[in-house]
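Taken straight from TrEMBL:
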DOMAIN    1-68  domain 'Eph LBD'
DOMAIN    188-296  domain 'Fibronectin type-III'
DOMAIN    300-391  domain 'Fibronectin type-III'
TRANSMEM  399-424  transmembrane segment
DOMAIN    475-759  domain 'Protein kinase'
BINDING   Lys507  ATP binding site
DOMAIN    772-832  domain 'SAM'
Amino acid sequence: MENPYSKVDTVAADFLLRRGGEKKSNVKTVRVGPLSKKGFYLAFQAQGACMALLSVRVFFKKCPSVTRSFSSFPETLPHSLVQQAEGVCVPNSAPTDQAPPTMFCGEDGQWVGPPSSSCVCKPGFEPLDSDRCRACGSGQYKVSIGGSLCRVCPDNSNTHSPGSSVCVCRPGFHRAASDLPDSPCTRPPSAPRSIISQINDTVVTLEWSEPLDRGGRSDLSYSVECVRCRGSSCVPCTDSVTYRPGQVGVVGRRVIIRGLLPHTTYTFSVIAQNGVSAVSHTSPASSSVNITTSRDVAVPVSGIRRTKASESSVSISWTIPSQTQHSILDYQLRYSLMDQDDGWQYVSSKSSSVVLSDLSRASQYQVQVRARTSAGYGHFSPAASISTLPDDEEPPSRLLLTGVLVAIGLLILIAVGIVAVFCFRRSSRRRDPDPDKSSQFLMGQGMKVYIDPFTYEDPNELVREFAKEIDVSFVKIEEVIGAGEFGEVCRGRLRVPGKKENYVAIKTLKAGYTDKQRRDFLSEASIMGQFQHPNIIHLEGVITASCPVMILTEYMENGALDSFLRLNDGQFTPIQLVGMLRGIASGMKYLSEMSYVHRDLAARNILVNSNLVCKVSDFGLSRFLTENSSDPTYTSSLGGKIPIRWTAPEAIAFRKFTSASDVWSYGIVMWEVMSFGERPYWDMSNQDVINAIEQDYRLPPPPECPASLHQLMLDCWQKERSSRPRFCAIVSALDRLIRNPASLKITGRISDGTSHPLLDQRPPPSLSHCSSVSDWLRIIKMERYEDNFLQAGFTSIQLVSHISTEDLLRIGVTLAGHQKKILSSVQMLRVLPY
């Protein structure tokens, strides 16, 4: 019979026992297996050994239940060297991947290594002691699965129950679709404030202040709604009304609206919106303003009709506008072949009819008419279709043909006479040139002399002499960038055939101009046209053959120097600032050698391009200013207006303008540059400035201004004009400083005994009797900001005493000097018993 037993091991004593000796037991551990059935027998066979089997203990080892990495594993019996065990995630947790967590149990009953995959806490739960997940408490949340902790709910949100993965917005607050779940809840902004409207004929400019409450967001934008009202009936504006830069999604706080009808009432609503306005269930906040367009501009012409026609001409008449408040001076008609908008021809007429001749046979034309009053041209009428006749419809009569031939003969005779007179005058001018009008007159060794355009009687001759006429079709206006004395200033593109397209600045002459205004406007172009220098603004040309009249100059990307410096306060090194001053001085040296006196040299009249090159601009503006000018920079003096803070004392007192007075102004420009656009003499009145200058007070050096530069300023401000340096000497002095940068590191106040720092030695005004914010602002001479403070909620002295720099920026106090003055006074308010 086959032995059913399998030998496992031989058990033998490790040592012998002697009679009467110490009794010791031998212990032998034997591993049985692997097992293939549910039970087994153990048998021991003795082979004559001198030993006895005292006891037998049969046992097995298992791995206990355990929780690791948020995974729970049950008791596991190893069937081999290692046994893989599958676990489950603890409550409120989930595996990091699709497979369940596993871990290995060793034959010795010990778990081997970490789990092969782990579990992490679900959204709304945070880990606790690495073996369980705890629900987020009230007011807390957790967005994603993982080991992060719960966080406090963002602003304006809360949770409704423990274990929340997102915080719900409070009533009235929302999240935009693009906001993350952990973003704070925000609300729509309040209404825009302080809408200001400016009406220029049928063009309206709207400006406003930002809302007091932005809703806690930075993506603030505005939309403009337009409603046209006649009596009690109001309808939305038509598509003919245009908005620049746009009607919806406007980021800035200024919109120009064109295409309005004259003497019509409109209501404009400015709507403030942000990212949550679309998901809010409330109507967006808005502010409205009612305006009525000018009654001076003629209304559009209507009733255009053909009264007579032939194969080459048509007679056209139209209905005289009935709502025009002022008399119509004349009409302008333009026509072109149908669907050819780039081939317009223009005809003027004093009456409400006109005859168009030299037309193509059996052709259809589009015709538009507009009226002109003392305020300028109105809008063109909608295009009317007019056609000529074919050959066989109406043959010309002999009488008409004779009349046409006679008329043509008379026109030829008149043209010949005009040409003869013109040639005679031109030859006379060549034989005996007028030195006052010749732009080619040279002085000394080839130096061109500036010719005053006001020596010309005919402004058209003036433009032909010094400026180049540009076809209006070469110019494309893109956006309005400012406003000048005569009209708007725009940015556009100039594309002359055969030349590279480039950006230009475009000055336009506003509608309703007088002959004097047109002459003054074009005189500035004739002045610029005489100058060719890298630090003088370059004239591209003029447009006088169409409306509006335009002056085109090179485009300077960084705009006026004063605002550019304020925007980049502290961003430039002294050597860069001296480089800017050197460019300005070089341009003024060129002008002085041309015997041209600028009269209005200031940082606001210096333009800066993208390469930080400074160029002198605004020629002739000061002589055009009249008593009716509203610019506060200019003050009446002896029948004209001059900029007191920039003008030499002899020019203020006697209107004696010379290159030496321009040198004084250049010294002020130096101070503006080194102070990064600070206002000269700060908030002193013009009369106080005049008195201080007469007493030999001068501006102190700006902070960190090199001593050598301030000394040069003081030289420019010598009371005796003969003691002031010439521009050629100023350029040389600045060149020396540029070649020796170390000299620009020496700062300090320099005085020769005749000029003193302009410091206010009077005791500060008492603030103890201030009863209101208005009184306080008036005492510190900051009353210009009264509306800003009140609209921002600073309505009492107690509130003002806690104001900060951020508050000043928010309410619109952006000048550093004004901020320092206000904050200094606030420090005094804090120690007073309010």
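Glycine too: its Cβ is placed from the backbone N, Cα and C atoms.
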Cβ contacts of Lys507 (ATP binding site) (under 8 Å, same chain, 6 or more positions away): Gly484, Phe486, Gly487, Glu488, Val489, Phe521, Met550, Ile551, Thr553
Residues in the domain 'Fibronectin type-III' (300-391) grouped by DSSP into helix, strand and remaining coil: 0 helix, 47 strand, 45 coil
Tally of DSSP helical, extended and coil residues in the domain 'SAM' (772-832): 42 helix, 0 strand, 19 coil
Rounded mean pLDDT for the residues that make up the domain 'Protein kinase' (475-759): 85
Per-state residue totals over the domain 'Fibronectin type-III' (188-296) - DSSP helix, strand, coil: 0 helix, 54 strand, 55 coil
